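**Student:** The following block contains the structure, expressed as structure tokens.
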Amino acid sequence: MEPLCNASEPPLRPEARSSGNGDLQFLGWNVPPDQIQYIPEHWLTQLEPPASMHYMLGVFYIFLFCASTVGNGMVIWIFSTSKSLRTPSNMFVLNLAVFDLIMCLKAPIFIYNSFHRGFALGNTWCQIFASIGSYSGIGAGMTNAAIGYDRYNVITKPMNRNMTFTKAVIMNIIIWLYCTPWVVLPLTQFWDRFVPEGYLTSCSFDYLSDNFDTRLFVGTIFFFSFVCPTLMILYYYSQIVGHVFSHEKALREQAKKMNVESLRSNVDKSKETAEIRIAKAAITICFLFFVSWTPYGVMSLIGAFGDKSLLTPGATMIPACTCKLVACIDPFVYAISHPRYRLELQKRCPWLGVNEKSGEISSAQSTTTQEQQQTTAA
């Protein structure tokens, strides 16, 4: 008779070891008995995916880890050391890059689990993985809202720039404090808990337990970590778009009355171009946040309030991947759209082939000086 497990391998959970068809196994087949208790029963009834799926996701996360580390590392390096970029507004960009970098720091846990086909690192590393994900995900969303607020003030109220370094730092601290309860509560199991999900290679808050507390937690965290920042982002950028269109319309009408082609001077055009490019970068990043986190939010709502049978391991890994992908893309959006960042990137890394004309952002440079003088005075 064949033994249930090899002496050199962890003991298998007998009821999860095989589906009865000989070749098929359930998720959790290679999890030690003392770790099974941490896995929601929903996943233990799902079939184990092919090993190739684990390996493919592991390779994909290696790519994300490398791209995000390099991209966000460069953003943090350049924004924190460049005098022209050291402005109160860019404190939010720096904070977003820090959250995105933190997001990618949990990738090695996922990669290790993937190449070991499951819950290999156990519950302790699962708690670390989920804590990092909660901090970075919620923090990125609220920072995007703060960026929207700042862009809203800069573009719609150009004569009332009241953002100072002190205010920016305080807002960033508030963002970190805002994230803390959503990490501490499930981490201490005071309200909900962190558990494995999908292929058991990643972890998040429990959205599958069929009880009132879990449903209340899912609904609450969905509102405060996704709905609130999304509504703020939509409001600020809708105001920006409305202001830009109405401003352009007013200028065209006035120019028509005066029989001139345009009322803008070259300096005004340059300044407007720089501001609009920065706004476009911010809008793009906020759009990416919405697109990448919406699937995960919908998935958690289905788990708590809907038909759990829809949540197959493969289906849940897609939202888990999309919300990590945005942390990789954010820095490259700035590399494409942020004029002063592109100029610094061109100076420090000429081999990247970035082509940014300093004349196009001269007004932005003077704006930076003005902001710094206002900050010093404050």
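Cβ coordinates are placed from backbone N, Cα and C, and glycine is handled just like the others.
What Swiss-Prot records for this protein is below:
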DISULFID  Cys126-Cys203  disulfide bond
CARBOHYD  Asn6  N-linked glycosylation site
TOPO_DOM  1-53  topological domain 'Extracellular'
TOPO_DOM  79-90  topological domain 'Cytoplasmic'
TOPO_DOM  112-127  topological domain 'Extracellular'
TOPO_DOM  149-167  topological domain 'Cytoplasmic'
TOPO_DOM  193-216  topological domain 'Extracellular'
TOPO_DOM  245-280  topological domain 'Cytoplasmic'
TOPO_DOM  305-312  topological domain 'Extracellular'
TOPO_DOM  338-378  topological domain 'Cytoplasmic'
**Student:** According to DSSP, does Cys203 (disulfide bond) sit in a helix, a strand, or coil?
**Tutor:** strand
**Student:** If H, G and I count as helix, E and B as strand, and all else as coil, what does DSSP give for Cys126 (disulfide bond)?
**Tutor:** helix
**Student:** Could you work out which of the disulfide-bonded residues (Cys126, Cys203) has its C-beta surrounded by the smallest number of other C-beta atoms within 10 A?
**Tutor:** Cys126
**Student:** Hey, which bits of the same chain come close to the topological domain 'Extracellular' (193-216), Cβ under 8 Å, at least six residues off its ends?
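**Tutor:** Apart from its flanks, the topological domain 'Extracellular' (193-216) reaches 27-28, 31, 38-40, 42-43, 49, 53-54, 57, 110, 113-114, 118-119, 126-127, 129-131, 133-134, 186-187, 299-301, 303-305, 308, 311, 313-314, 316-317, 320.
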**Student:** Mind checking which residues of the chain, 6+ beyond the ends of the topological domain 'Extracellular' (305-312), have their Cβ under 8 Å from one of its Cβ atoms?
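**Tutor:** For the topological domain 'Extracellular' (305-312), the list is 42, 46, 208, 215, 218-219, 299.
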